[in-house]
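Have a look at the structure below before the remarks.
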Amino acid sequence: MSASSTADVPFEAKTKVGRFTDFVDERVGGSGILREFGRKVFPDHWSFMFGEVALYSFVILLMSGTFLTFFFDPSMAETHYDGSYTPLYNVEMSVAYSSSLNISFDVRGGLFMRQVHHWAALLFVASLGVHMLRVFFTGAFRKPREMNWVVGGVLLILAMAAGFTGYSLPDDLLSGNGLRIIDGVIKSIPVIGTYISFFLFGGEFPGTAIIGRLYVLHILLVPALILLMIVIHLFMVVVHKHTQYPGPGRNDGNVVGYPLGPVYAAKAGGFFFIVFGVIALMAAAFTINPIWNYGPYDPSPVSAGTQPDWYIGFVDGALRLMPGVVNDFHFEYVIFGQTLTLNVLLPALVPAGIIFTVLFTYPWIERWITKDNREHHVLDRPRNAPTRTAIGVAGFTWYCVMWAAAGSDLIATHFHVSLNDVTYWLRALFFVGPIIAFIVTKRVALALQRKDREIALHGRETGRIVRLPHGEFIEVHAPLDDYKQYKLVGFESPAPLPAQPNEHGVVTRKEKRRAALSKWFFEDRVAPATPAEVEAAHGHHEAIEGSEQKSLSH
Amino acid sequence: MGNHSDGSPKHSGTVATAGQNEVEKFQDPGLPPHRLRLADTDPKAAKRAERQVAILFGVSIVGTLIFLGAYFAIDLGDDSTIATIRNQNLLLGLGTAFAMLGIGTGIVHWAKALMPDHEVSEERHGIRTEEDRQAAVRIVDDIVEETGIKRRPLIRNTLLGAVALAPLPAIAVFGDLGPRPDDKLAHTMWAPQDGKLKRLTRDPDGTPIKASDVTIGSAFHVIPEGLNELHEGKLNEKAKAVVLLMRLNPDSLKISPGREDWSYNGIVAYSKICTHVGCPVALYEQQTHHLLCPCHQSTFDLTQECKVIFGPASRPLPQLPIAVDAEGYLVATSDFKEPVGPSYWERDEHERLINS
Amino acid sequence: MKALSQKRRHPLAAIALLLMGLLLTGGLYAVATTVNQAKAETTTFSASDTEEGKKLFEANCATCHGMGASGTKDGPSLVGVGAAAVDFQVGTGRMPMQMNGPQAQKKPLQFNEDQTHQLSAYVASLGAGPAIPEEHLLDEKGNAAEGGELFRVNCAMCHNAAAAGGALTRGKFAPALADVSGKHIYEAMATGPQNMPVFNDANISPEGKRDIVTFLKKIEANGSPGGADLGSLGPVAEGLFVWVAGLGVIIAFTIWLTSRTS
């Protein structure tokens, strides 16, 4: 900044803006902050933007949500609708539903705000999910970012909680049946389930308390926690600096990219408006959550296609897949005179429990297997960590099977197949899907690595066909430049780490297990091409190019 | 790809062993040389980019005007049609989208085309230095020493006890969030009141149903008599009491011992609340006699007293014992003989209570 | 509405269209009354209708439903199903059935309006059953809000709250109700085709059915105030849309944003 004058002559700003800035700076120390962050370097890659999409969606959620609170009334008192939507005129409903309808039909721009809010919510959770997938598949969760990965996982859970509490607020038939399913799941909890249900709903389902309680959670507690977690998350991003993809000039000791000011700040700032614009487009032209179709909540009716929003879908899908009776075994049975409802409890808790437990502990699991305690700031290309990539795809496949199960009825009607068959197939895929995905992904990753290796060794295909003197046709390969070559060879391919004795010279059973896992993790590997190999291939290449090319051909 | 037809990756090249990596690695060639953009060398291209950015900001201004126009020019009066709302929503949305995308794409284009695009490399510093760590340890040691907490276990232990107990009131104050469940889930409105049997009435208007109204293949959605007159807790009662009433050929019903007088001429009534997690099981297929829950696809066979034949439910739907009163109206002869709806921990206890 | 789509294929369709345009400009009232008159005639059957219907039935339907419509193992007896059942099944193309499957599907009509009328007349003559609804029940001027309540309680669980249809067991399904004429909706309720339960007049009164038809036609004409309705299929369609279209557009922007300008 301009405060480069000597210490004994106090700085005097010349312009009005300058004086104002100086006033603030003297009191908060902005110069130091700006010096620290003004030119901070951020790597640029499209896959690094999903966290920003989530952050911006959250900001849009706060803004549109604030507007909605001015008109929404979370009361469950009975009223008769007298707004302008005639197909519901004079229908008995709760004040909450009536005010949601008023927002949609009688507040100018209210419907737009509702649609912005709901689309932004769906996008918020979706971008969080994609962001986490990106972090997982590139190994960005490794030291020193394990804790930030956990904070991200907490954010995902909070986002789902925010979404679900919001989904329930309009008190329409769809969300009411959603709450009823939640009530049924809560009641299946052994010993305390019935009490939790009565405490949550303030008595029997549906009662008159739940909407007000969810409202407070939705507009106060959950967003405050999300905000807190975002602050922690971003603080740690600043501490760690961003990761970067491997490439020439990039290593674990530096960060290569654009400075915050002006380029990165402009891009990131501009991107907020782009995300907002895309959400506004969706809200302009595509209906979301048409509460007027569903009608007020009433415990008697239900609509075909009653499903939760997508992020709760995998739990709903698991509930659908679980058979209640297998042969003559009933998953609900009486134990010590009390009812145990495993047909609800297992699918509601176990898959989500496994997914989140593995998600939260994965950085430590991998660290234990690989005994890799180094800091990693350069990302792995997913193909260069085949086992991790395969684990990720297997987990995602498992999630997707349950996700698909939540739409089993729509799959049946749209593809003209039997609903029951869809369920049978998905039950099978629930078990074999992840295994197939693991094997296929690992093979694909290894194949891609081999392709990289071949290109590094023999250069890229030029598409130029040459006829050799003895009549054979070959395609000429051109050598890569140093930068492209480094991208293909500049990665680590660790070998399995055998079991090692501890300080007493004993190889513990735990260490043996770790070694076995390490073998499984690193056994199938393609080593990066070494300079010697490239040299050999090259010499070879020039001497008897034809026969070498032949061995390369398919 | 190469001719590694045996598929084993180990044959794809030399297997690098630990340690070998270090010596045989490629040297990092460093950042590739910077390429200049068109706008860096050609002032015309720079001018063009400048105009494009300005046009994009102009688009944003137009978008804002569209929004304001749509907000003030279109009035949502009492007689506004759905088409009016749809048009207003579309214009407000497009206005916002243009306003936002104009600014966003304008700034990004500016940054990409006109701001310097030199990639910079910044050193990373250690997250923690050993010096800091030692200083921190000293400070913590001093603090602990100054408090004297190690020397005064009485203070430490009583503090721990106090802190451990202090949150209890915070938990206790939630005790009034809801009443105790007691046996509320075990009873519904169908229980005869003062010896008078409850009639089955139509949902939603509450008019009673004659047995002769229920023809074969019919399905009636039923609520108990008097439900609509309730003010307090109407939905709570409805959530337990809703019933589906159907008639099929009496010969196709398999009736188990003890339930002989629960139906009337092939007319049967079953709880509509799924025994899985409580969705209304209201999809009745009159030819297959299956009842399907639309939420999780539990399927119940009406001819086998609503035994589960598919899906996640594990228990048949409870049957409501019905008969016909002197005026020919259908009545419930008693409450359900078991708790309705999803299972809960005390369910079996309650079932024994009902039947005792 | 059905009458119009029938005549659309006629060689004189162009002239009819012109005429219709004129009628429209002449006033909606005039159109309404002519359509009403055309439909009002369908509820009365003459002896010759019955006679012709019997011939058609014996030639086209008796293979499965038996001579005298007494039923065979391939098709149920039609004695007492009423004219409404025939008008619905034949008038929507579900009968004659193309092949045996989980349920009879809607398909191009096999009989013209007169033939359908004659078949209805014949089946109605075999035994009393639900009649083709009278015109005043199909005027779509009932109470849409009450119709909506009845629809949600009695119909939405299969047909979806926005009448977008839904799945039943083993390949069966409840069809979407958009583009189904009020008359056919009414007849379906009265007769309970295939696996649909019967909603006789004691269950849902004729006025109630009129309200339901009014409600369905009203929401169909209204469309969605929020823009394209994504099939009115609920959160699954919305989730799919945000993942494919929403994130797709965002990713396109991120790629543009992080690419180098030439």
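The backbone N, Cα and C atoms fix where each Cβ goes, and this holds for glycine too.
Annotated in TrEMBL:
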DOMAIN    A:20-246  domain 'Cytochrome b/b6 N-terminal region profile'
TRANSMEM  A:53-72  transmembrane segment
TRANSMEM  A:118-137  transmembrane segment
TRANSMEM  A:149-169  transmembrane segment
TRANSMEM  A:181-203  transmembrane segment
TRANSMEM  A:215-239  transmembrane segment
TRANSMEM  A:271-292  transmembrane segment
TRANSMEM  A:344-365  transmembrane segment
TRANSMEM  A:385-404  transmembrane segment
TRANSMEM  A:424-441  transmembrane segment
REGION    A:533-554  region 'Disordered'
COMPBIAS  A:535-548  compositional bias 'Basic and acidic residues'
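Contacts between the transmembrane segment (A:385-404) and the transmembrane segment (A:215-239): absent, as fewer than 3 C-beta pairs lie under 8 angstroms at sequence separation of six or more.
Taking pairs at least six residues apart, the transmembrane segment (A:215-239) and the transmembrane segment (A:53-72) share three or more Cβ pairs below 8 Å and count as touching. Panel annotation: around the transmembrane segment (A:118-137), residues 47-48, 50-51, 53-54, 57-58, 60-61, 64, 149, 152-153, 155-156, 159-160, 162-163, 166, 275, 279, 282-283, 286, 288-289, 309-311, 359, 362, 382, 388-389, 392, 396 of the same chain, lying at least six beyond its termini, place a Cβ under 8 Å from a Cβ of the stretch. Note on the domain 'Cytochrome b/b6 N-terminal region profile' (A:20-246): mean pLDDT across this stretch is 94. If you look at the transmembrane segment (A:53-72), the same-chain residues 6 or more away from its ends with a CB under 8 A from one of its CBs are 96, 99-100, 102-103, 107, 110, 113-114, 116-117, 120-121, 123-124, 127-128, 131, 155, 159, 162, 169, 215, 219, 223, 226, 230, 271-272, 275-276, 279.
Long-range contacts of the transmembrane segment (A:344-365) within the same chain: residues 132, 136, 141-143, 145-146, 149-150, 153, 157, 184-185, 188-190, 314-315, 318-319, 321-322, 331, 395, 398-399, 402, each at least 6 residues beyond the stretch ends and with a Cβ under 8 Å from a Cβ of the stretch. Counting same-chain residues at least six beyond the ends of the transmembrane segment (A:271-292), those with a Cβ under 8 angstroms from any Cβ of the stretch are 49, 52-53, 56-57, 59-60, 85, 87-88, 97, 100-101, 104-105, 112, 114-116, 118-120, 122-123, 167, 170, 172, 174.
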